[in-house]
Structure formats: C-alpha cells, structure tokens
Amino acid sequence: MGRHLLLLLFSILYMLLCQASSSGVFELKLQEFLNKKGVQGNKNCCKGGLTTSYQQCECKTFFRICLKHYQPNASPEPPCTYGGTVTPVLGSNSFQVPDTLPDGSFTNPIRMNFGFTWPGTFSLIIEALHADSKEDLTTENPERIISTMTTQRHLTVGEDWSQDLHSVGRTELKYSYRFVCDEHYYGEGCSVFCRPRDDAFGHFTCGERGEIICDAGWKGQYCTEPICLPGCDEEHGFCEKPGECKCRVGFKGRYCDECIRYPGCLHGTCQQPWQCNCQEGWGGLFCNQDLNYCTHHKPCLNGATCSNTGQGSYTCSCRPGFSGASCEIEVNECTGNPCRNGGSCTDMENTYSCTCPPGFYGKNCELSAMTCADGPCFNGGRCADNPDGGYFCQCPTGYAGFNCEKKIDHCSSSPCSNGARCVDLVNSYLCQCPDGFTGMNCDRAGDECSMYPCQNGGTCQEGASGYMCTCPPGYTGRNCSSPVSRCQHNPCHNGATCHERNNRYVCACVSGYGGRNCQFLLPDRASQIASDVPWTAVGSGVLLVLLLVVACAVVVVCVRSKVQQRRRDREDEVANGENETINNLTNNCHRDKDLAVSVVGVAPVKNINKKIDFSSDHDDLSLTTEKRSYKTRHAPADYNLVHEVKFEVKHEVKLEHAGKETTMANELSDSCEDIKCQSLQDSSECTEEKRRKRLKSDASEKSKYSESRYSESKYSESKYSESKYSDVSLYSESACASACASASTSACVDTKYKSVMVMSEEKDECVIATEV
C-alpha cells in the first residue's frame with residue numbers, strides 16, 4: 001500500500017513538472033462487446049434470475065474507463081491519474097459500439113487530454129456494467145459489473161491505432177487506442193512546442209519533430225533577424241526586413257561602405273565620417289582653394305600656354321589668330337570686309353585672302369583693269385580715272401557699289417516705329433503710320449481723341465503715353481466699354497450672395513438677416529413667438545368679453561321675448577273670461593262724436609291709470625270693416641279722471657288679428673240691436689230709425705277726421721300690439737253709443753257683460769259701470 005502511494009505521489013509530481021510544457025490526447029475507440037449469455041460477472045442474470053437453456057437475460061451495458069500510470073498489477077480503484085470517464089448505456093448484451101449517440105452524450109473514440117509529457121507507458125482498466133435504467137449509471141455496486149478488463153502497455157506517440165482484444169469469462173471486448181500530440185506539440189512525449197508565426201516574435205514554420213524552420217530572408221534562433229542585402233557592410237549597415245541595406249549615421253552608398261565627408265568639402269576625401277582630406281593641388285578648410293589651376297582645369301584653349309598666377313587664377317598666352325581670357329575666341333580677319341569691288345574674303349590663320357572679280361586686282365581688289373572709256377558706272381554714276389590706275393564711280397543718290405550697281409534700300413534699317421509700314425523711295429523712305437501716331441518715323445503720338453475712342457459717354461484726354469478716358473458712373477476700362485459690376489464692391493453683408501439684375505444688385509440673405517444689404521439681424525423666431533404671446537392673450541381676452549356681451553344681449557332678448565309672451569298669454573286669459581273692473585271715468589262726450597268705451601264683444605278694459613290712446617283698426621272690405629277715427633270736440637276723456645283720451649286709427653292691421661276684429665264687429669252689431677235704452681229723466685225709448693240716422697252722421701264725421709289724422713295713424717301702428725284689444729273695445733263702445741243715441745240722458749246695458757253706459761245730456765258725460 002505504501003509503495004502504491006509513493007508511486008502515486010511521484011506520478012502527480014511528474015505531471016506537475018511537465019504540465020506547463022507539453023500537451024497530448026489519449027484516444028480510446030471501443031469497437032465491439034460480446035455478452036452471449038447476458039449474465040453479470042457473478043453469472044447471474046442481469047435482471048436477477050438465473051440463465052436457462054431457453055431464455056437469455058438482457059444486460060443494458062455501459063462502461064467505466066480508468067487510465068492510470070503504469071502499474072504491474074493495475075487496480076480499478078481510483079484515482080485514475082491520467083483520466084477517466086463513464087459512458088452512457090451503449091447497447092444490450094452483444095453489440096457494436098456506435099460512433100455517436102443521437103442525443104450527443106457519447107462520442108467514439110473517447111478522448112482524455114494530457115497537460116504534461118507523455119511517459120510512454122500506461123495502465124488501462126475497462127469495466128462493463130449493467131444499468132437497471134438508462135438514467136442510473138452508478139458504478140459503486142459491484143454486483144452490476146459484467147466484466148473487468150485490464151491492460152498495461154508501452155505506447156509511442158503517433159497517428160497509428162493499436163488494436164487489442166480482451167476475453168474475460170463469457171465476455172469479449174474489442175478496442176483500439178493511440179496517443180497523439182495536440183496542435184503545435186511535437187516529439188516523443190509531445191513536449192516540444194512549436195507554433196508557426198510571421199510577426200515581430202518570429203518568422204518560421206515547424207518541422208515534423210517541432211524544429212523551427214525560418215522563412216526565406218530570416219535568421220536567428222527564432223527567425224527574428226532579417227538577412228540584409230548581400231554585400232551590405234555588417235558594421236556600417238543594417239536592415240529591418242530582408243533584402244535591404246540601411247546605413248548607419250556617417251555612412252552612405254548602396255552597401256553603406258562610404259563615409260560622409262565634412263559638409264562643404266569640395267576636393268577632399270575621408271577615412272572616417274565628417275573628414276575633409278584635400279586632394280593634391282587643393283587647399284583650405286573645405287579643399288576649395290586650387291593650388292594648381294592650370295593642371296586641374298586646363299583652362300587655356302587652342303594650344304595656348306597656361307600659367308598659374310595664384311590660388312584659383314591663371315593666365316593664357318594665345319596663339320596668333322586667337323583671343324580671349326582662355327584663347328577661346330578665334331580672330332576672323334574678314335570681319336572688317338577688307339575685300340573691295342565685290343571680292344570674296346577667305347579667313348586664314350592669322351591672315352586673309354581676297355578673291356577679286358574680273359577686271360579687278362590687288363590685295364583687297366582695289367585696283368581695276370578697266371578705264372572710264374569702258375563706261376563701267378551704272379545708274380547714272382559719274383566715272384573718274386584713278387591716278388594710281390583704274391577708275392572710280394561717283395554714284396547718284398539712292399545707289400551704291402563700285403560701279404553704282406546697287407540700289408540703296410532705305411527701309412532695310414527699319415526706321416519706322418510703332419508698327420508703321422515703310423515704303424522705299426528713290427532717295428528716302430515713307431512711313432505709313434497707324435492710327436494715333438505721327439512724324440516721319442511714326443514715333444510721335446498723334447491726336448488720338450479725334451477718333452472718339454471713349455465709349456458710353458466717356459471723356460477723352462491726350463497724354464504723353466497716349467489718350468485716357470474718364471468714364472461715367474457705371475462703366476470702366478480703357479475705352480469705358482465695360483460696365484461696372486454692381487456687386488464689385490461687395491455691398492451685401494453677413495455672408496449674403498450678390499446678384500445683378502437690370503443694372504442693379506439684389507442681395508440673397510442668409511437665414512436670420514434682412515434688409516437691402518442684409519445688414520439687419522432679424523429677431524429670433526422663438527423670441528418673436530414669445531413677444532407675440534401677450535398680444536395673443538389680450539386679443540383672446542377682448543374676444544371673450546365680446547362673446548360675453550353677445551351672450552348677455554341674447555339672454556336679455558330671450559327674457560324680453562318671454563315677458564312679452566307671458567303678457568300676451570295673460571291678455572289671452574283675460575280675453576277668455578277674466579273680468580276686471582274699469583274705474584269710473586268722467587269724460588266730456590258729445591253725441592255728434594262716436595266717442596264711447598265699449599266693453600262688449602272682445603274683452604274687459606284694464607284699469608291702467610294713465611293716459612292711453614284708443615284706436616280702432618279696420619281692414620279692407622273683405623273683413624266687412626273699415627278704418628275709423630274718433631275725436632271729441634273738447635278735450636279727450638281720460639280714465640281715472642284723466643282729462644284726455646286720444647283716439648288713433650291704425651292703417652295696418654296684421655292679418656292674424658283681422659279675423660278676431662271681424663268677429664268682434666259682428667258681435668257688436670248683434671249686441672247693439674238688443675240693447676235697451678232707458679231714459680233716466682223721461683224714460684223714452686230708442687227707435688231703430690234714430691239709430692240709423694245717428695250712424696250716418698257719425699260715418700261722415702269719421703271720414704273727415706280720418707284724413708286729418710292720417711299722419712298720426714303711422715305712430716299708432718307701432719303701438720298696435722299693446723292697444724289692439726283696447727282699440728277694438730273702443731270701436732265696440734262707439735258703435736253701441738251711436739245705437740243708443742237719445743235727446744235725453746240714456747243708458748245702454750250690455751246684456752253679455754251686464755255693463756251700463758250712462759250718458760248725460762247736459763254735460764255730455766258718459767259713465768260706464770260694469771257689474772262684477
């Protein structure tokens with residue numbers, strides 16, 4: 001037991017030491033399991049019964065795998081130092097082990113990862129167990145064990161599988177296994193780590209055993225050093241990537257093998273950076289002083305002799321026929337045209353030669369073999385004999401040459417200026433001047449303003465350099481031909497855009513500015529809205545007050561309408577049967593006037609105790625009535641002892657009341673016939689004849705009165721609604737009074753309302769009493 005514990009501790013220590021530098025996987029592939037009888041290791045049926053000749057037990061088989069360090073006598077007891085696992089139920093009795101299960105709970109081969117160097121040996125224990133159910137996979141119960149298979153082997157790292165077959169009792173298990181390194185791990189124990197990379201930490205790939213293989217252009221242990229350009233100076237050059245050669249400070253060149261001289265050094269060399277070692281013949285700090293100019297530069301040309309005269313100076317001794325500081329100029333003896341009379345000159349070394357035309361001879365062809373007798377002069381030239389022999393011609397104006405054979409071209413010297421055209425004359429020339437210039441050679445500016453060059457009303461002024469136009473406002477240019485841009489002086493402010501339209505400018509303002517030149521800052525919209533709020537509130541208040549006033553007016557109109565409606569309703573109620581008492585009135589009545597107060601036919605008269613106008617309305621003939629007006633001879637009678645009663649005639653009666661009045665008139669005529677008159681003094685009776693006479697008299701008088709009161713009738717129309725019932729009553733009373741006319745005081749009794757009209761003959765008074 002102590003030995004086993006020691007081995008276990010040793011294995012754990014070994015794994016801890018190797019874990020950080022190695023990695024691999026032990027793979028176990030279960031292939032086939034056979035349990036022909038379907039019994040457990042104790043030979044009992046997996047379901048608890050004994051096996052018989054005609055019945056086979058069913059063993060739901062799963063496996064427990066334990067991988068340990070090498071043990072001569074491997075024990076299935078934990079711990080499993082290299083790893084272990086329990087599979088789900090893979091089949092019953094004899095079956096082929098699948099690669100996977102549908103639910104993904106099992107993968108074949110079984111992988112057990114290593115974090116340490118593979119030792120090369122192992123112990124493998126595989127137990128086949130029976131499960132009562134697929135969920136119950138406990139391994140502690142020994143009665144569930146079907147068989148136990150133990151293997152101790154030596155195993156090298158590789159991709160090849162090792163096959164194995166174990167037979168225990170009535171069971172048989174076929175399986176295979178191998179140990180492979182993880183990615184980037186190599187070697188016999190997967191202890192060599194190598195991961196290919198191409199970055200600042202290295203540029204390499206890995207070999208079969210994990211060795212580093214540098215990429216092209218790289219070197220070093222981890223391939224971090226680039227290989228520079230071949231030939232690059234290892235001391236004075238370096239490279240950051242393969243194939244280049246960068247020089248260190250003080251060196252230059254393709255291979256960084258040249259030192260840099262001192263700045264400004266002209267004719268010197270260096271052995272180390274920043275030196276200036278002068279070459280032979282040069283001196284000074286920068287080796288710029290030539291101590292042997294003739295040797296270094298050879299400045300003298302054309303065979304001249306050079307002599308050094310000091311630092312950077314020399315003198316050339318020229319050969320004949322050459323001149324200049326370096327004898328670079330060849331002297332041409334023909335430059336002065338030494339040959340005369342048309343002879344041609346040939347330049348020779350340090351001399352010249354003239355080739356004379358026929359008839360001439362001499363070094364410069366100055367002698368002629370002809371005489372004046374030969375007439376050699378042309379174009380009117382005068383011939384004269386030369387005392388030395390020969391002749392000479394005196395040419396007229398405009399001709400030249402030995403024989404006056406050449407016509408002089410006066411325009412050959414281009415005497416005309418300012419683009420004038422030159423015309424050659426016999427003895428002179430003529431310049432045709434362009435506009436604006438005068439003079440023989442067209443060199444003077446003429447009167448240019450005479451050509452009116454200034455346009456658009458400009459004023460022309462002559463000047464020394466030509467004319468000048470003073471332009472009117474709106475135009476510019478030399479001739480005032482260009483209109484001035486209105487936008488030229490940028491009249492628009494605050495970033496606005498200027499546009500020209502119809503000889504004026506328009507400014508397109510940016511947002512927030514206004515005015516002709518966009519010079520005004522417009523108020524912010526939010527502040528403007530805020531400033532509008534009080535005026536909105538005031539306007540809302542005024543509108544609310546107006547609505548309230550209108551509402552009050554509507555209410556007042558409605559109330560007044562209801563009051564008038566109620567008044568009409570009360571009058572209708574009175575007309576339907578209510579009796580009111582009319583106070584005794586004292587009136588000055590005249591029998592010749594149809595003045596009476598009637599209470600017959602329509603409704604009782606109210607006691608209103610105030611002056612009131614009585615009017616009677618009569619419509620057209622279709623209503624069988626006519627308008628009438630009554631007026632007393634004296635002051636009108638008043639109710640309640642009031643001394644005036646006015647009678648007015650309506651000229652317009654509403655159609656809705658016409659029917660009522662017509663009915664009242666009919667009732668009046670019927671009632672008056674039934675009135676019985678009694679004399680208060682002598683008890684005389686009214687006759688029908690007297691009543692008719694009285695009615696005729698009244699009718700004529702009413703007609704006259706109607707015409708005189710026509711203007712007053714309009715005023716009575718406005719009061720028709722308030723006095724319509726009183727007017728009808730007056731009409732009825734008048735008719736009744738006429739019917740009851742008598743010489744003596746008489747009384748009229750209204751049989752319907754039991755009213756009595758008393759008329760006094762002496763005072764012409766009418767007293768009306770109503771019995772209540």
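Along the chain as shown, the residues are counted starting at 1.
Note that Cβ sites are derived from N, Cα and C of the backbone, with glycine treated the same way.
Marked as signal peptide by Swiss-Prot: 1-20.
Long-range contacts of the domain 'DSL' (179-223) within the same chain: residues 18, 21-27, 113-114, 117-120, 155-159, 241-243, each at least 6 residues beyond the stretch ends and with a Cβ under 8 Å from a Cβ of the stretch. Residues or ranges marked as domain 'DSL' by Swiss-Prot: 179-223.
Per Swiss-Prot, the feature disulfide bond maps to CYS214-CYS223 (among others). Within the same chain, residues at least 6 positions away in sequence whose Cβ sits under 8 Å from that of CYS223 (disulfide bond) are GLY202, HIS203, PHE204, ILE212, CYS214, ASP215.
Beyond the domain 'EGF-like 1' (225-257), the same-chain residues lying 6 or more positions past its ends with a Cβ under 8 Å from any Cβ of the stretch are 216-219, 272-274. Summarising the annotation, Swiss-Prot assigns domain 'EGF-like 1' to 225-257.
According to Swiss-Prot, the disulfide bond annotation covers CYS232-CYS245 (among others). Non-local neighbourhood of CYS232 (disulfide bond): PHE238, CYS239, CYS245, TYR255, CYS256, each in the same chain, at least six residues away, with C-beta under 8 Å from its C-beta.
The domain 'EGF-like 2' annotation in Swiss-Prot covers 257-288. Mean per-residue pLDDT, taken over the domain 'EGF-like 2' (257-288), amounts to 90.
Mapped onto three states, the DSSP output places CYS276 (disulfide bond) in coil. The disulfide bond annotation in Swiss-Prot covers CYS265-CYS276 (among others).
The domain 'EGF-like 3' feature in Swiss-Prot is assigned to 290-328. Sequence-distant neighbours of the domain 'EGF-like 3' (290-328) (same chain, 6+ residues past either end, Cβ-Cβ under 8 Å): 280-283, 349-350.
According to DSSP, CYS356 (disulfide bond) is assigned to coil rather than to any helix or strand. Here Swiss-Prot flags CYS356-CYS365 (among others) as disulfide bond, drawing on similarity to another entry.
Sequence annotations record features per position, and here Swiss-Prot assigns domain 'EGF-like 5' to 368-405. Shown for the domain 'EGF-like 5' (368-405): DSSP residue counts in helix, strand and coil, namely 3 helix, 11 strand, 24 coil.
Residues annotated as disulfide bond in Swiss-Prot, with similarity to another entry given as evidence: CYS377-CYS393 (among others). Around CYS377 (disulfide bond), taking its Cβ as the centre, 23 other Cβ atoms fall within 10 Å, counting all chains.
The feature disulfide bond is assigned by Swiss-Prot to CYS416-CYS431 (among others). For the recorded site, CYS431 (disulfide bond), the DSSP three-state label reads strand.
According to Swiss-Prot, the disulfide bond annotation covers CYS433-CYS442 (among others), on the basis of similarity to another entry. The 10 Å shell around the Cβ of CYS442 (disulfide bond) contains 22 further Cβ atoms across the protein chains shown.
Taken from Swiss-Prot, the feature domain 'EGF-like 7' covers 445-481, and the record attributes it to sequence analysis.
A sphere of 10 angstroms centred on the C-beta of CYS454 (disulfide bond) encloses 23 other C-beta atoms. Here Swiss-Prot flags CYS454-CYS469 (among others) as disulfide bond, drawing on similarity to another entry.
DSSP assigns CYS471 (disulfide bond) to coil, not to a helix or a strand. Around CYS471 (disulfide bond), the same-chain residues six or more apart in sequence whose CB sits under 8 Å from its CB are CYS454, ASN456, GLY458, GLY477, CYS480, listed in sequence order. Feature annotation from Swiss-Prot assigns disulfide bond to CYS471-CYS480 (among others); the stated evidence is similarity to another entry.
The two recorded residues, CYS416 (disulfide bond) and CYS442 (disulfide bond), have Cα atoms 6 Å apart. Within its own chain, CYS365 (disulfide bond) has CYS339, ARG340, ASN341, GLY342, GLY343, CYS354, CYS356, PRO357 as residues 6 or more apart in sequence whose C-beta sits under 8 angstroms from its own. All protein chains included, CYS276 (disulfide bond) registers 19 other Cβ atoms within 10 Å of its own Cβ. Each residue contributes its Cα atom, and for CYS442 (disulfide bond) and CYS498 (disulfide bond) these two points are 48 Å apart. Residue pair CYS487 (disulfide bond) / CYS265 (disulfide bond) shows a Cα separation of 61 Å. Nearest neighbour of CYS518 (disulfide bond) by Cα distance, taken over the disulfide-bonded residues CYS393, CYS492, CYS498: CYS492. Residues of the domain 'DSL' (179-223) grouped by DSSP class, helix first, strand second and coil last, total 0 helix, 20 strand, 25 coil. Considering only the disulfide-bonded residues CYS265, CYS377, CYS393, CYS431, CYS469 (disulfide bond) has CYS431 as its nearest partner by CA-CA distance. Note: the CA-CA distance between CYS431 (disulfide bond) and CYS492 (disulfide bond) rounds to 55 Å.
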